[in-house]
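According to TrEMBL, the protein carries these features:
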ACT_SITE  Cys234  active site, nucleophile
BINDING   Cys112, Ala113, Ala114, Pro115, Gly116, Gly117, Lys118, Asp136, Asp163, Asp181  S-adenosyl-L-methionine binding site
DOMAIN    9-296  domain 'SAM-dependent MTase RsmB/NOP-type'
Amino acid sequence: MQIDRLPRPFLEEMRTLLGEVEYEAFLASMDEVPLSGLRVNRLKVSTEKLTETFGALQPVPWTKNGFYREPGGEYTSHPYYYAGLYYMQEPSAMSSAALLGTKPGERILDLCAAPGGKSTQIADDLQGEGFLLSNDLSASRARALLKNIELMGIGNCCISCEDSGRLKNEYPLFFDRILVDAPCSGEGMFRKHPAVIKAWLEHGKDFYCPVQSKLLDDAADMLRPGGTLLYSTCTYNRNENENQIAAFLDRHPDFSVDPIPATHGLTASAFLPGTVRLFPHKARAEGHFVARLKKSEEAQPIGTANTVFSGKKETQLLRQLQPSLDEFFSASARKPDPSRLKLQGDYILQLPEATVLRAPLRYLRTGLLLGQISHGRFKPSQALAMYLRAEDFENPISYSADDPAVRRYLRGETLEATDSGSGFRLFCVDGYPLGFVKQDKQRYKNLYLPGWRMQR
Ligand SMILES: C[S@@+](CC[C@H](N)C(=O)[O-])C[C@H]1O[C@@H](n2cnc3c(N)ncnc32)[C@H](O)[C@@H]1O
């Protein structure tokens, strides 16, 4: 990028932050090509399998399953992208969820989750067990988050569109781990997305400080005693990073820094021991800050509100619908759990195992959308196709990635059947589901979600 596009006050701040020698190295790094990455979705595929396809990509050092993209690679037009086998993610952004330390079965809140880079990474670590609540205040951004959650085949996530204050009232002391990937001034993204500079000039670098403090305070109330709170930004200035965390620790004496080792390309912060930064002149990364905090075990529980489950009428309706569900899933190895079904109009969802829903909150999605009941028959959703594995469903159809039938399917075309199956079938690329078809003698009727179609 052109250095003269960078605001003078920003450059002065960086000079103070880094000292003269490092500042020169930082300036030089701003002229280098920004980095892009992809993260393998281990809910669907192994890292080894994917590297067979794309060659030996360079691993991102601070996460298990992230890689740098090679320039010119056709990653977003490859059918595997449509199968949700990987997520395109900026390499430094992979550090936050990697350092959160999620374990299968835990309850996790991703408070500022859209468009879902870290939520999909957390879900990968949960391995289908436990409960992930992915929240974002912006409804339009939350819709992009929903698509990514569905594409990655995640079944144990609820998505809410809420202010953290309202969430806090409903989920006191509830979560094992909370990620606050805060809205910030974005200085660390200047090299990759120069458009961010305009917003920085308009708002000033401290614009997001009050909302960051509030998000942290509300997250503190939702974390169980002994739980982990991880705060990250993609900016350099201290007010949004170390100073923000130091002020939080002053307000919350029951929290302490859980030190992050300064290894694998992470740099120890010079201003708050135990927190780390990523710099483009020291690692193959854009700018990033991460602080991990631990809540003391002694914090006092403050009671929990009631959980909302299906009402009487809904339970009755679900019972009536059960035979059509049973018919659809008769040959499936992944049958829905009747005790976790939820009706929303004509739509049937399966709640995550450990779900707790609170009536006053706005949820965009509560678990896995199985499908829709239409004229008394069950019609499977795109999300269900992405969640299933080929072996979970009867008689899948599979083509290799370079067969033109795959791209025709992704464009929404009806295909000629090549065998004599019937009814709903999973259409796969190399054994990875892309969506459903409904076979009618010689034709595969295409049920791929129109909004997800590959452009011609
Ligand atoms: C840095 S981005 C999050 C990126 C996301 N974690 C990911 O990995 O894809 C910050 C997000 O915070 C959201 N946000 C802003 N103010 C918020 C608030 N008060 N509560 C919750 N989310 C908020 C923005 O809509 C934005 O999507």
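Please read every residue number as a count from 1 along the shown chain.
The backbone N, Cα and C atoms fix where each Cβ goes, and this holds for glycine too.
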Given that the record lists Cys112, Ala113, Ala114, Pro115, Gly116, Gly117, Lys118, Asp136, Asp163, Asp181 as binding S-adenosyl-L-methionine, what is the largest C-alpha to C-alpha distance among them, in Å? 20
Round to a whole number and give the Cα-to-Cα distance in Å for the pair Gly116 (S-adenosyl-L-methionine binding site) and Cys234 (active site, nucleophile). 15
State the mean pLDDT for the domain 'SAM-dependent MTase RsmB/NOP-type' (9-296). 96
Including all protein chains shown, what's the count of other C-beta atoms within 10 A of the C-beta of Gly116 (S-adenosyl-L-methionine binding site)? 29
Under 8 Å Cβ-Cβ from Cys234 (active site, nucleophile), six or more apart in the same chain: what's there? Ser92, Ala93, Cys184, Gly186, Glu187, Gly188, Met189, Glu286, Gly287, His288, Phe289
Cys112 (S-adenosyl-L-methionine binding site), Cβ-centred 10 Å count of other Cβ atoms over all protein chains shown, is 23
